[in-house]
Amino acid sequence: MKQLSITLLSAAILPLAIVQAQTCSAKYGQCGGVGWTGPTCCPAGWTCQQQGNNIYYSQCLPGTGSSSSSSSQTSTTTRSSSSTTSSSASTTLTSTTSTSTSPTSTPSSGTGNDRNPYLGAQFYATPYYASEITTSINSFKAAGDSADAAKAAQVQSVGTAIWIDVAAKIPNITTYLDDALALQKSTGQIQAVTFVVYDLPDRDCAAAASNGEFTVANDGLTHYKAYIDGFHAAFAAHPDNRIICIIEPDSLGNLVTNLNVPKCSAAANTYKAGIAYAIQQLQFPNVALYLDAAHAGWLGWPANLQPAATLFSQVLQSAAPATIRGFSTNVANYNAFHAATPDPITQGSSTPDEESYIAALTPHLQALNVPANFVTDTGRNGVQGIRQAWGDWCNVKGAGFGVRPTTNTGVANVDAFLWVKPGGESDGTSNSSAARYDFHCGQSDAAQPAPEAGTWFDAYFQALVKNANPSL
Ligand code: BGC
């Protein structure tokens, strides 16, 4: 265990205990920012710090804090003892764990890409996300809304992915894996810990909101390889964890359709080399990799399917014999997995939802011998019919939490529904003078005012809770 003391509290008790004991904001809780009416002080040893140049959000962070940024995520000192349980638990691994108090995640043979990594495991719920949610529980309570406060508390036990979106968060990998391992030992249940690998040079090349720290011009590939080496070292030291990586959301999608954007064409070779390096370096018996395949409204169009499969195949060939488990879709997006009635914005598409997109892409992948297993982000797709255009992706108004993480997908080659984007973390700032302002975040179907990408958006989380479908 490194720098983490764990207090096991029940999911129901944790937020109440924190709220009753404090007059200041909680550790990692919001303590300031435009429109903030809550407490502005922090617990002893913690200080209230603005997140970079984001005037909408200040947060209680450890230490005296001369500066801070959205990259300062670390683990908290308390956690909920429960996490979401996979609904398909009848596997060999589960049988093994049920007789053991120290489950191991390492399969007896093969690689981590050979099997559905979520089977027989719980979806690891992070203490960090739980601490973010505490802010919103307090908001509900301050408004006298105890019913929604209780619903929000339920979300603290839902497993979400962990975004390693800057190199400064590499040490957090070890912290989370240690935490998950301790949980495995104390509960006898395997924890599936999902990371998002997200730091390519000139990241988010066709948009602005999630532009990253490395650039192609400034030797970004070398920096990126060092970042990947950080994952490698942490994974090598954790053979008993069950680990999943979602690799670089939107990146290859941009290379399929956005090469007309100079930043994307200039970054294309770096993206391919960086992703191939990541695949090569993250081959472990207990690690499964999913390459991001964008979503139905992006690569699902007939003209894009074959080029997408070809590009995926090329990247895999350059990483061979290293391989992947499959692909992620709908990451941080809002598409239905199975739309009973297609959303009007999908008109004209033969892939109006993720299920049909996956079905359309699968044969193209299979023809190229590319592994065709999938995970789909259902974190914010509970409500449909809320976007003006299919390309709208920023803090879409009216969204609700979707189906909770599960392996019960109903589709043979869909391993799991995941919450990859932690609902409540912003997609991008609506402040038009911010360096990372993207016009999508200022459109009328985008909730505003919105803080910087990745930082807590209390009002948005509250709406996700109220609009959750299935309800919380
Ligand atoms: C942001 C990341 C953040 C992630 C999860 C992305 O849109 O760019 O900084 O970690 O969302 O909230």
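Note that Cβ sites are derived from N, Cα and C of the backbone, with glycine treated the same way.
When the candidates N258, N260, N333 are compared with the substrate site entry in TrEMBL, which names W163, D165, H295, W298, W393, K421, E425, the shared residue is N333.
Cβ neighbour density within 10 Å is lowest for D204 among the active-site residues D204, D250, D427. Annotated pair D250 (active site, proton donor) and D204 (active site), C-alpha to C-alpha distance, rounded: 7 Å.
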